[in-house]
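Novice: Okay, these came from TrEMBL:
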REGION    1-22  region 'Disordered'
TRANSMEM  42-63  transmembrane segment
DOMAIN    50-491  domain 'Major facilitator superfamily (MFS) profile'
TRANSMEM  93-112  transmembrane segment
TRANSMEM  124-146  transmembrane segment
TRANSMEM  152-170  transmembrane segment
TRANSMEM  182-200  transmembrane segment
TRANSMEM  212-231  transmembrane segment
TRANSMEM  305-328  transmembrane segment
TRANSMEM  348-366  transmembrane segment
TRANSMEM  373-394  transmembrane segment
TRANSMEM  400-425  transmembrane segment
TRANSMEM  437-456  transmembrane segment
TRANSMEM  462-487  transmembrane segment
Amino acid sequence: MASHHEQEQPTLSSLLEDGRSSGEIGPEHQPLIDGVHSSENYSAYAAIFPFLFPALGGLLYGYDIGATSCATISIKSATLSGVSWYDLSSVEIGLITSGSLYGALIGSVLAFNIADFLGRRRELITASIMYLVGALVTALAPNLVVMVIGRFVYGIGIGLAMHSAPMYIAETAPSQIRGVLISLKECFIVLGMVAGYGIGSLLVETVSGWRYMYGASTPLSVIMGIGMWWLPASPRWLLLCAIQGKGNMQELRETAICCLCQLRGRAIGDSASQEVDEILTELSYVGEEQKVTLGELFQGKCLKAMIIGVGLVLFQQITGQPSVLYYASSILQSAGFSSASDATRVSILLGLLKLIMTGVAVVAVDRLGRRPLLLGGVSGIVLSLFLLGSYYLFLDDLAAIAVLALLLYVGCYQLSFGPIGWLMISEIFPLRLRGQGISVAVLVNFGANALVTFAFSPLEAWLGAGILFYVFGVIAIVSLIFIFFVVPETKGLTLEEIEARCL
């Protein structure tokens, strides 16, 4: 494991067969320029677990969204809450609902400071502990204050997990399937939402059902923690520590080779050492051995990465995603598809649609690429938002149009912003700034989510739903222009190639 005591900066010359210093690169070490790098051998079986256990962090986040929508119904009921403090004001219900969101914001800030010190693996272990403690405190809460504290602690787990899971998956996955695996993590978030709605709808008629809803996530958080304890550290993080002098170069190189063998399985054969040296050479070539300063986040390559990554996660939220889902039940009710009591079942159906469309994105992302899915999906979002606006302004007797627009929005979001926003932020940042860069992007994501969620009601009262959806539609057009001119294609490139070619 990396020691964090600063030592004299070692060179890479001892690691390169041709004996060049770390600043030089020969023709045989130019994968970044020619696009030629040794194929990454891996066994599919070995690739499952380095994806699965981090992805549980996303599943637990999605579960919280689904379960909370049912738990708030349960806890307000005089007969079913099982507590004497069930008579909660809208502000108090808001605290329960958004407590995890505020915790996630704090988790993102914490991640900025501790990510590179802890490493991706230990950050995910910390997230699983926060999930476990938060769920138990919430489920066993004797009063509202303790419940909100539990929601806040669980939210810190969300912030840490949503920061470190895409990093760990991106840094350990073979480049051929990296897009599939990180997009599949979004599938796990949606799967968690469906599970949360499903379990919530089963328990909503049970006395103290909300306690069981929140407690149901504890086994998964334990499995996530044990799984991450068993998995190795990210080889790229170890090599970053090595070239920045945060440990013995040779020891860290050997540890990275062992970790890579564990991650790739037997299929890697004898090529692990060559792959590690290739990564070291590429890291040195793009200047990763330099020390990180805060100002660098807003200079040069990292500024460009920050504009791409933060821009995507910002547009992901301010194109109205929380608001459209907020309106889903009322739209479907107006269309005669459900009564108010069927709201949770409607949510399950929407969740299943999200799951199917995310599955389509997972299959297509490494075949078609990131840009085509973003451009196509966001074009559909623009159309759906203008249809929704028109429904509320002119076409209120054509409920079928609103339903069509709603389904189009949900489907197109899951094809584009949903999975690919998280995929791009995990790929685009230079390695030595990836921890800080992703934490800023995650902070912006949760901050924008909170802003849109809380600003929605006053804006709706001021402008009306129709005009508000038109405003979101105009923002979506701006996001389309941003994607077309700013977002690069990263399909099939190693993380080091992305840094050299796209930034």
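Any Cβ shown, glycine's included, is placed from N, Cα and C.
The shown structure was predicted, so the numbers you read here are calculated from the model rather than taken from an experiment.
Are these features on the surface or tucked inside, and what are their neighbours?
Specialist: Mean pLDDT, taken over the domain 'Major facilitator superfamily (MFS) profile' (50-491), works out to 85 on the 0 to 100 scale.
Note on the transmembrane segment (152-170): residues 50-51, 54-55, 57-58, 60-61, 64, 99-111, 115, 120-121, 123-124, 126-131, 133-135, 137-138, 178, 181-182, 185, 221, 234, 422-423, 425-427, 434-435, 438-439, 442, 445-446, 495 of its chain, located 6 or more positions outside it, place their CB under 8 angstroms from a CB of the stretch.
Sequence-distant contacts of the transmembrane segment (182-200), counting only residues of its own chain at least 6 positions beyond either end whose CB sits under 8 Å from a CB of the stretch, comprise 51, 54-56, 58-71, 74, 165-166, 169-170, 173, 209, 213, 216, 344, 347-348, 351-352, 354-355, 358-359, 361-362, 365, 414, 418-420, 422-423, 426-427.
Listed as Cβ neighbours of the transmembrane segment (212-231) (distance under 8 Å, sequence separation of 6 or more from its ends, same chain) are residues 49-50, 52-54, 56-57, 59-60, 63-64, 67, 70-71, 74, 121, 124-125, 127-129, 131-132, 135-136, 138-140, 150, 157, 196, 199-200, 203, 206, 262.
Beyond the transmembrane segment (305-328), the same-chain residues lying 6 or more positions past its ends with a Cβ under 8 Å from any Cβ of the stretch are 297-298, 346-347, 350, 378, 381, 385, 388, 406, 409-410, 413, 417-418, 420-422, 424-425, 428-430, 433, 437-438, 440-442, 444-445, 448-449, 451-453, 456, 465, 468-469, 472, 475-476, 478-479, 482-483, 486-488, 503.
Sequence-distant contacts of the transmembrane segment (348-366) (same chain, at least 6 residues past either end, Cβ-Cβ under 8 Å): 66, 176-180, 183-184, 186-187, 190-191, 193-194, 197-198, 201, 325, 328, 373, 407, 410-416, 418-420, 423, 491-492.
Only residues 6 or more beyond the boundaries of the transmembrane segment (373-394), in the same chain, are considered here, and those with a CB under 8 A from a CB of the stretch are 319-320, 324, 327, 361, 364-365, 401-402, 404-406, 408-409, 411-413, 415-417, 420, 464-470, 472-473, 476-477, 479-480, 483-484, 487.
Within its own chain, the transmembrane segment (462-487) has Cβ neighbours under 8 Å at 307-308, 311-312, 315, 318-320, 323-324, 327, 370-371, 374-375, 378-379, 381-382, 385-386, 388-393, 424, 456, counting only residues six or more beyond its boundaries.
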